[in-house]
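See below for the structure under consideration.
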Amino acid sequence: DRQTLVAVLQFLRRSNLRESEEILRREARLLGEDLGTAALSPAGGSVAPVASSSPGVAAAAAVPPGKGEINAGEGGPGGPGCASRCLGAMQCYSNLLFNANAFAVGGGVVVEDQPDVSAVLSAYNQQGDPTLYEEYYSGLKNFIECSLDCHRAELSQLFYPLFVHMYLELVYNQHESEAKSFFERFHGDQECYYQDDLRVLSSLTKKEHMKGNETMLDFRTSKFVLRISRDSYQLLKRHLQEKQNNQIWNIVQEHLYIDIFDGMPRSKQQIDAMVGSLAGEAKREANKAKVFFGLLKEPEFDVPLDDEDEEGENEEGKPKKKKPKRDSVGSKSKKQDPNAPPQNRIPLPELKDSDKLDKVMNMKEAARRVRLGPECLPSICFYTFLNAYQGLTAVDITDDSSMIVGGFADSTVRVWSVTPKKLRSVKAAADLSLIDKESDDVLERIMDEKTASELKILYGHSGPVYGTSFSPDRNYLLSCSEDGTVRLWSLQTFTCLVGYKGHNYPVWDTQFSPYGYYFVSGGHDRVARLWATDHYQPLRIFAGHLADVTCTRFHPNSNYIATGSADRTVRLWDVLNGNCVRIFTGHKGPIHSLAFSPNGRFLATGATDGRVLLWDIGHGLMVGELKGHTDTIYALRFSRDGEILASGSMDNTVRLWDAVKAFEDLETDDFTTATGHINLPENSQDLLLGTYMTKSTPVVHLHFTRRNLLLAAGAYSSQ
């Protein structure tokens, strides 16, 4: 937006960076204009967030509000992610913008508060009488509490953002005692799910505290979104104009984004289901883009099966055919799914012969798969890690359930074989040269029997390992750590092949694409990155979350990535162009688990609030809420056919839910989609099929085998 550009151009000029200024002017088509010293009054929160915690995100500064994504195609000049033309220019000055609290310019003169930060904060300069703030707020509070029930629920959403902005305005203008008394008087009225945010807020008592505080800069720069019916909005506007309560009206216009819809106001339950994230609800516009949620067509191939030819043929004809993926299923007919993306929308790796063999094995297993349902629940096999001393931080299990990996707080990655077959690595180079390469069993001979063992330990990280992921072909393993790196390990040699350095802070999660080759990582720098195993640099950077990206998941068709964040939202990103195509709000705490249904239509999310929320990806709607857990949900997994959803939590239980019933008879008519009037059943107990307690083991991972046996994993905790 123009003001941000002007601010940046002026800064470049003052810093004698003529070349960068020219590039930016060309890109922004502002060549002939004289910028002079254009007034930089902020235009309603439209200055993009800049004082971010990592240079990786700083590039987001050049993005207009609402477009919080950059497609940083750094995959080499012709790589899968060729950057847009202006990325170069963006990077030139994103570095200048980075954390622009104080720059030394020219002869060592420190210029305090460059336009970006000061523009964000100077929004607070419109001074009202500080002693009247409490009166303004309580006046509005009384008005809302006395309004009709149908409007009260909607207008109550204003309390929290107004409270925060009025408090910050008092602090910014150095009315510290008034700020303190304002906070003490009204902070108890806020919804319980804002307690953590209020704790951060209460520590900001001086103007200086606001300068470097990311949480506040976020609150300042991203408009808080409220969804209100036209009737309620008119009521509010009339009241504020009659009372001439300009202070509050200014904040509403300056810092809130009111998404007005026509129709009935929403009830308290409907609003409560959707609110609670750091920046309010998602704008309805955010969930309008088309998403290709269907599955890709299975490649057809004939594999000569010596004596089992007929059986192979017979398998081909069955509709139950499975992909070698972590959560995929569904009946694969030969015709293309109408909601599927074009087969070549993103380049996917070719199938190797070993992959084809694996698919055939998979189809055989699928033929013996147990059909689950309310009458036929899965058996659960629980792997308990003993003597882990609270050190187990991540678990993953291969698709064929032959290996299990644990990431630990002592920075090791440990891989176990859970079949009688031991883990063998390839022999040393000297021994390999002695092998006859023409012999039929050359693949057996290269393996070293002497070092075969049930457990292999991988050393390399220098901090706790927070995420692990096996590649679908079981040749590779990913791990990500507090040390800011993602490592790729070979399961042939049990050595580290690559360390991917892009995140500057802890990396909380990583996951391989269901087709291999691509993988995603998310971390404390609030960004998710898409990588390919053969590129040192990320192919895409998904920027837009306002807090840590805590978990990441690929859609079964590999064209989309879901990320869950500590900002209490879930976002769905398009791998092709890096755009954010869905924002789901409704959780009241950081999100720690995600699972796509095998048919690709639905997403289940779990968070520290102990709720599992179900989302319809195509319509961008919440369609269900599963209550029952009493602590953070760290694991979610659909059964192979999608009939059952399993959830595992820190409350030491695994719960099984009836997914078929949860998703049937969905009201996804146009009205619901347009207004977000969702009607969730009061009680999710009729969807709960079973609760299974462990003795004292929090559940950190769940996995359905190809035959629908449920495997769970966690570390025994003695306290």
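Placed from the backbone N, Cα and C atoms, the Cβ positions cover glycine too.
Listed features, source TrEMBL:
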type	residues	note
COMPBIAS	303-314	compositional bias 'Acidic residues'
COMPBIAS	326-337	compositional bias 'Basic and acidic residues'
DOMAIN	128-256	domain 'TFIID subunit TAF5 NTD2'
REPEAT	385-426	repeat 'WD'
REPEAT	458-493	repeat 'WD'
REPEAT	500-531	repeat 'WD'
REPEAT	542-583	repeat 'WD'
REPEAT	584-617	repeat 'WD'
REPEAT	626-658	repeat 'WD'
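Over the repeat 'WD' (542-583), the average per-residue pLDDT in this prediction is 94. Applying DSSP to the repeat 'WD' (542-583) sorts its residues as follows: 0 helix, 24 strand, 18 coil. In terms of DSSP secondary structure, the repeat 'WD' (385-426) contains 0 helix, 22 strand, 20 coil.
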